[in-house]
């Protein structure tokens, strides 16, 4: 279409620098919003599977691992000499018996019924993840105190503002769209006219 437009305007017989770029610019696919920091990766989207399945299975895996370690005597939450991250259930018959009990039912029971029969817990419990990573959490806490780092996000207002201005967008009500600016200016002008009319 750009080539036909250039031919109509009389530019078809000469080659200008950037003509090819105009063609690519016209046919370029949609691009993601600008990401001002090239060293920070964007989060990937998993479209082949619901992400909640990954979350669910990870929490359940840590929960089952903690129970198997307790049963085999490898983990005690009150004993610092037997942390969860050093637990080894290889060739532990107690852990094997619990796994047999879990697998024996197959798909005849729901996951929370199987979990309740095997471990005595009938819901997901994320504390097992914290138990496993407790040494890392303590090290990070001490390292942050030593280096005086602030764990968390510090709002400076510049990151989002710069990203929005780079994209030429206007924010109104949490949505990014370019037409909001014109509508808000029109609304402001109408309110100003009504206000002045009431004064007269």
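A Cβ is built for glycine as well, from the same backbone N, Cα and C atoms used for every other residue.
According to TrEMBL, the feature compositional bias 'Basic and acidic residues' maps to 12-28. Taken from TrEMBL, the feature disulfide bond applies to 69-87. Look at TrEMBL and you will find 12-31 tagged as region 'Disordered'.
A sphere of 10 angstroms centred on the C-beta of residue 87 (disulfide bond) encloses 19 other C-beta atoms. Annotation for residue 69 (disulfide bond): same-chain Cβ neighbours under 8 Å, separated by at least 6 residues, are 75, 84, 87, 89, 95. A coil conformation is recorded for residue 87 (disulfide bond) in the three-state DSSP classification, outside any helix or strand. Under the three-state DSSP scheme, residue 69 (disulfide bond) falls in the helix class.
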